[in-house]
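Enquirer: The following feature annotations were taken from Swiss-Prot:
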- Cys60, Cys62, Cys75, Cys78: Zn(2+) 1 binding site (BINDING)
- Asp449, Asp451, Asp453: Mg(2+) binding site (BINDING)
- Cys818, Cys892, Cys899, Cys902: Zn(2+) 2 binding site (BINDING)
Amino acid sequence: MIDVNNFEYMKIGLASPDKIRSWSYGEVKKPETINYRTLKPEKDGLFCERIFGPQKDWECHCGKYKRVRYKGVVCDRCGVEVTRAKVRRERMGHIELAAPVSHIWYFKGIPSRMGLVLDMSPRALEEVIYFASYVVTESGDTPLDKKQLLSEKEYRAYRDRYGSTFQAAMGAEAIKKLLQDIDLDKEVDFLKEELKTAQGQRRTRAIKRLEVLEAFRNSGNEPSWMILDVLPVIPPELRPMVQLDGGRFATSDLNDLYRRVINRNNRLKRLLDLGAPSIIVQNEKRMLQEAVDALIDNGRRGRPVTGPGNRPLKSLSHMLKGKQGRFRQNLLGKRVDYSGRSVIVVGPNLKMYQCGLPKEMALELFKPFVMKELVEKGLAHNIKSAKRKIERVQPEVWDVLESVIKEHPVLLNRAPTLHRLGIQAFEPTLVEGRAIRLHPLVCTAYNADFDGDQMAVHVPLSSEAQAEARLLMLAAQNILNPKDGKPVVTPSQDMVLGNYYLTLEREGAIGEGMVFKDANEALLAYQNGYVHLHTRVAVAASAVNNATFTEEQKNMLLLTTVGKLIFNEILPESFPYINEPTNSNLEKETPAKYFVEKGANIKEIIASREEVAPFSKKILGNIIAEVFKRFKITETSRMLDRMKNLGFKYSTKAGITVGVSDILVLGEKDEILHEAQAKVDNVIKQFRRGLITEEERYDRVISIWSNAKDVIQGKLMKSLNKRNPIFMMSDSGARGNASNFTQLAGMRGLMANPSGRIIELPIKSSFREGLTVLEYFISTHGARKGLADTALKTADSGYLTRRLVDVAQDVIVREDDCGTDRGLLIGAIKEGNEVIESLYDRLVGRFARKTVKHPETGEVLVAENQLITEDIAHIVENSGVETVNIRSAFTCNTRHGVCKKCYGRNLATGTDVEVGEAVGIIAAQSIGEPGTQLTMRTFHTGGVAGDDITQGLPRIQEIFEARNPKGQAVISEIDGVIAAINDVKDRQEVVVQGEVEARTYAIPYGARLKVIPGQKISHGKELTEGSIDPKELLKVTDITAVQEYLLREVQKVYRMQGVEIGDKHVEVMVRQMLRKVRVSDAGETDVLPGTLLDIHQFTDANAKVLLQGKQPATARPVLLGITKASLETDSFLSAASFQETTRVLTDAAIKGKRDELLGLKENVIIGKLVPAGTGMNRYRKVDLVKTTQDDMNVENDEVYVEQ
């Protein structure tokens, strides 16, 4: 028996009749299931205990042998082996068919494999198999051809004329005979000859046939095994029959389907024994064929067999297919024990790494641990009494629970889990009540709020699982977002508002200009009401404990506010004292202007200065990033907790809230609207005179009203008091934005109608004034569309993520360096003059491919294969270097993954990526997760007309599926000059003059040109506005151009929406789309022309023949969309669990495919550890060389302990 958990590969193939019989424990002869009186299985029926094993452990059918001591005995009365009942899950039976039947997958799939092997059309096959025509199996010495079809009438005529010199037959028997007669080697050689000359349709047909025949030849499958003589019967526990209350039975549909097969098979046997007329026998054989078809794949041919209530029965194929099928429901998504779920509430007093677990839930989850501990401490005599104690919830149980929970992390998960931060580990603390408490800072990562969200808890059981949870998944470790390397645990809402209020400055506040000897004195003054948080004061710099002050500065006074003194106490000592929200203050030191000599006139100096802006959400984010960069995880999580506490404390103290009086209506509003209305009337006048078209009129009216709204918005923002609560909320980034404010106090502006077209009648009222009935009605369109869109697009985005994960799931960092000599030349991504992604953003965390020198001094800025850090990237960007050649996933040579150097830095940790990191899945999540963000953005504005995300998600799908884009651009196929632009009838033509030839391009009606006569153009560049079709681009240029184009386009969509994604994630995805080539000429290799091969398979095949001095094959790169690419993967398990399950499995079985289990999904399906992270072989197969005892050199601050 193979070791269930450890095998190298998994192979699938066709089963021969002998193989099926060898699996079987006996023949099922009767259609009966169980006896309705005794409720015991009928003998020889579908649940027979003699075939499938006993129903009760260690007990035979008749009851002669009971108990374990008879293990292995076969009862002499009823013939049942005494064993465990669970063998009923694994023992199979079989049905001996009275006539061969065809397997519908191989006959009916597209392309029909049976048809390709026999070179017959599927229609002809169908006629033969379902007894409509005869087929000639032996022509003898008659003018008939082998495989020729004859109708009943023709057959009789030929029979009369030629007697028995030829043979013709019907049904699967005939097909079986033809399949047995095929000589594979002869056919293959014949087809290879034909390929040398054939063209067009004949060529494609020959290639298809060759592929199938080669598959049969190489896999050891016999073509005749596509016809079944024996039908396997799956174990009864996999098609159970259960008694419902009320004595009725519920049974799996498979039992009905099997029963029909057995009934028809038995009837056929009887008819054959009786020697019935052939027409009756044929009809029965056809019905048997249809019954077997329905069992294997119901509904594939003709009308599906239905059960009660006209519901189609679920056949074997349906058991595998779709979200509810075996693959996705049971193999890829299992339900697990030791888990619970509950509503979440906020836990503001928790530490970063803690969560609150309700007591009763914890008791249930940690039950086995508590029981063990109770017994060990002698509080219970045995496990049974311990269990009873817990069930009665006796008081001593709680103390034991406390000790068990210590140091035992739990995982919290919130659905939908869009990226890896959707599951994090926390140390549980017991809380009263029945709600889970969640730390407020991790809400962003989970996208959780406390309006009734629920979360699931899982307990990692083994010590390895606990260690991984603690070291890799603890919330305090996950500070950076894997998609862009920016902190994901930035404070939000109240916390932002509190810190904003704390760092405000106010001219002329109480006690302005006071001087204090240290921070404590200032605090004392604040607590006693002599100064306010916002008061600008001076403090002796020496007393502010800060390592970045120079000796000279320490003898001076520091100008700051009481609030900023409090704020700076949460930062590490060697961090600059932050006095203003600028990068120089953050990264270097406190600006010199805040230090004054002792004895200067403080009040004058302060009065002469402007107020410094307070710290908004963005600045807090930068502070966190900077602290993380310098002090790593431990210090950052401590600071975050302190920042959270400050935020909550001071937003409470500030008492900032919104009242109607805070919304002041703009006085000049009527005037502005009046002007706009006059302009609109003017435009309408011009339209009526016929000076402008309907389109122009519409566009102008829209733009007039948009401008009016912008003017109102600008004036509103200017007229606002900086202390206005709503302004403070939006300025700090806590909640709301300028657009909300404009709608409250200015005007709601233009709205879109249900089809998305902007209605030219604007809503002139604001919410403060109140809307008219018509205005309100117009508003409802947009609001409703927003909600409907959200619901639909969330599903779209989820499906996109699923496809992305599927195509990249086997991309894992597999080695340190692949040794490639190629790189990717990168510069800033621009759209017109606007920089979409700067060179700095693209360089950080990558390895340089070639040495980068300063353009003027020639000084080496980056050496070859050196990591580019933030500082180096700044130097490179400022030196005026335009492009840099870097290592990239695009050019990596590693098989089934990437290497450390080509990938660069792991964005989630800020350190080099480790071997074993599942970068493919991280890339998929990083691209898919913001997809949902984009999706949900339309929802918040309440449908105010603006840029909807229609470019967003659909465009991303278009790019990754490599579809022909909407509004496709015409591209030039040659380098040259635009010779002329001619008008022809109703369209234009562009003539490109190259060195050798000129090309003329017809420009579609309504397309906008991007070129002018005399302009130089290179191949692959657009002649008109629009998106390029990447497949076209690949034909005209090379892989590099396509890779760069796709990367640029994806980044454009996301950056326009304000979402940042690391380039490397897009690179990983695009690489997966371009990993196949199509063989155009096979040379002297074994590959077939026209087949899709992995680049590595192709180079291997060529290397093999080149060594023998033969002719290599040629191929062109192919761009596959992600769905297609997932289905083309080498792993049939992964492809089958993705989509088109039956097609993938049919193909794999005929080719006798081996799944080498390299990706993650395949291993999850068969229940092995995934080969990523600590599951990689290089980490599992570790031998102990010697044991030594040494002191651990770990400094205290490296281990996160908080007393």
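Placement of Cβ uses the backbone N, Cα and C atoms for every residue, glycine included.
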Enquirer: Does Cys75 (Zn(2+) 1 binding site) have same-chain partners at least 6 apart in sequence with Cβ under 8 Å from its own Cβ, and which are they?
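Expert: Non-local contacts for Cys75 (Zn(2+) 1 binding site): Cys60, His61, Cys62, Lys64, Tyr65, Glu81, Val82.
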Enquirer: Do me a favour and check the Cα-Cα span between Asp449 (Mg(2+) binding site) and Cys78 (Zn(2+) 1 binding site); whole Å is fine.
Expert: 63
Enquirer: Just going by other Cβ atoms within 10 Å, which of the binding-site residues Cys62, Cys892, Cys902 has the emptiest spot?
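Expert: Counting other Cβ atoms within 10 Å of each of the binding-site residues Cys62, Cys892, Cys902 gives the minimum at Cys62.
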Enquirer: For the recorded Mg(2+) site formed by Asp449, Asp451, Asp453, which further same-chain residues have Cβ atoms within 8 Å of the site's Cβ center?
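Expert: Going along the sequence, the neighbours appear as Ile344, Ala448, Phe450, Gly452.
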Enquirer: Please report the Cα separation of Cys892 (Zn(2+) 2 binding site) and Asp451 (Mg(2+) binding site) in Å, rounded to an integer.
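Expert: About 47 Å separates the two Cα atoms.
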Enquirer: Of the binding-site residues Cys78, Asp451, Asp453, which one has its Cα closest to the Cα of Cys902 (Zn(2+) 2 binding site)?
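Expert: With Cα distances computed to Cys902 (Zn(2+) 2 binding site), the winner among Cys78, Asp451, Asp453 is Asp453.
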Enquirer: Within a 10 Å radius of its Cβ, which of these binding-site residues (Cys60, Cys899) has the fewest neighbouring Cβ atoms?
Expert: Cys899
Enquirer: Neighbourhood of the Zn(2+) 2 site (Cys818, Cys892, Cys899, Cys902): other residues with Cβ within 8 Å of the Cβ centroid, in order?
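Expert: Surrounding the site, in chain order, are Glu815, Asp817, Thr820, Arg887, Ala889, Thr891, Asn893, Thr894, Val898, Lys900, Lys901, Tyr903.
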Enquirer: Given the binding-site residues Asp449, Asp451, Asp453, which one has the fewest other C-beta atoms within 10 angstroms of its C-beta?
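Expert: Ranked by other Cβ atoms within 10 Å, the binding-site residues Asp449, Asp451, Asp453 bottom out at Asp451.
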Enquirer: Quick one: pull the CA-CA distance for Cys78 (Zn(2+) 1 binding site) versus Asp453 (Mg(2+) binding site), whole Å only.
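Expert: Answer for this pair: 57 Å between alpha carbons.
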Enquirer: Beyond the listed site residues Cys60, Cys62, Cys75, Cys78, identify every same-chain residue whose Cβ lies within 8 Å of the center of their Cβ atoms for the Zn(2+) 1 site.
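Expert: Close Cβ neighbours, site residues excluded: His61, Gly63, Lys64, Tyr65, Asp76, Arg77, Gly79, Val80.
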Enquirer: List every residue in the same chain as Cys818 (Zn(2+) 2 binding site), at least 6 positions away in sequence, whose Cβ is under 8 Å from its Cβ.
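Expert: Listed in sequence order: Cys892, Asn893, Thr894, Val898, Cys899, Lys901, Cys902.
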Enquirer: Around Cys78 (Zn(2+) 1 binding site), how many other C-beta atoms are within 10 angstroms of its C-beta?
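Expert: Here the count is 16.
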